[in-house]
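> Please read through the structure below; I'll follow up with questions.
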Amino acid sequence: MFLHNTKFCRLASGLAGGVRNLSGQKPKTAILMLNMGGPTHTDQVHDYLLRIMTDRDMIQLPVQSRLGPWIAQRRTPEVQKKYKEIGGGSPILKWTELQGQLMCEQLDRISPETAPHKHYVGFRYVNPLTENTLAEIEKDKPERVVLFSQYPQYSCATSGSSFNSIFTHYRSNNLPSDIKWSIIDRWGTHPLLIKTFAQRIRDELAKFVETKRNDVVILFTAHSLPLKAVNRGDAYPSEIGASVHMVMQELGQTNPYSLAWQSKVGPLPWLAPATDDAIKGYVKQGLKNFILVPIAFVNEHIETLHELDIEYCDELAKEVGVEEIRRAATPNDHPLFIDALTNVVADHLKSQQAVNPKFLMRCPMCSNPKCRESKSWYRQLCSN
């Protein structure tokens, strides 16, 4: 399903070790790529889960300081087993490093006035942790830092948590006064991102026999969200829907399609239908050929490599009688996607807008006091 990428294999070992600016020049523009991350090795799984389960931006639990660590401890063996089944760890760091390196190479060519550019990786729950990367950036003393969310569609639980962690870090650490800061918080409808997803889908459609091709269900799947968060006004579901709509426009509405939600945790109501339930439901209706499209993920990780590939495309498909099911690759290092990253940043650097006004808004029913403080802090930070 996935092509062997020699460029990725050649660069991966060096990039994963933290070699991010191959020229060694002092960067003028630092680009901090924010994401949740994933454990590179199974011995990192417990701490990764512990950070997730104690992050109230990501998940809210009763007596979280006690229940969160208990859940992390209990789930560690099960999650370690899943990582072993996909090769022993998450490739998200290697992909992010490669994406950042290729993006900065292009930025140096097309935007010499803001060069040299250097990418940095800031993960929320596993090394390289965002707060440690911020210290690395400060040592490099760039003129400008762009905080670039690697979640194309914004959610308070994902993008919001990453941005709140930066606010929390500088609440107890001195903020460098000689750096200009700006934010890219959402970019889920960027034309080149849309073209990337469309091409990934075309690649998989071409593998179906021609007589079935137009009947293949394109099933977009995104990480689910608790309805409690949706009802507060989180923009995530509408932004996912916008991405789906534009991808289908790019494809020319050639196939039946739908949107489902994966990776629910716990008993409370979340967005529905669940991806596995959607597959079961369509099979009952006589639709038995599918392409799964992870519309919210820009690189491979456990939720694509295990949940989609193993649990759904392999195990579930056999169980319910699917005829043929394929999974579109995430953008990874597709040339269109590297162009998308480059264009998003280049356009941002040329603009006079340091922060999207939407980012400075809170959800209409926001109940998180940290968000109020964080938004106020970012408003001031980006006005300097």
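Any Cβ shown, glycine's included, is placed from N, Cα and C.
Sharing the feature lines straight out of Swiss-Prot:
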type     : residues                       : note
ACT_SITE : His190                         : active site
ACT_SITE : Asn343                         : active site
BINDING  : Cys156, Cys363, Cys366, Cys371 : [2Fe-2S] cluster binding site
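Could you place these features in context, so I can see how deep they sit and what lies close by?
DSSP classifies His190 (active site) as coil under the three-state reduction. A sphere of 10 angstroms centred on the C-beta of His190 (active site) encloses 19 other C-beta atoms.
Taking a C-beta cut-off of under 8 angstroms and a sequence separation of 6 or more, Asn343 (active site) has the following same-chain neighbours: His190, Leu192.
DSSP gives Cys156 ([2Fe-2S] cluster binding site) a coil state; it is part of no helix or strand.
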> Counting other Cβ atoms within 10 Å of each residue's Cβ, which of the binding-site residues Cys366, Cys371 comes out lowest?
Cys366
> Out of Cys156, Cys363, give me whichever of these binding-site residues has the highest number of other Cβ atoms within 10 Å.
Cys156
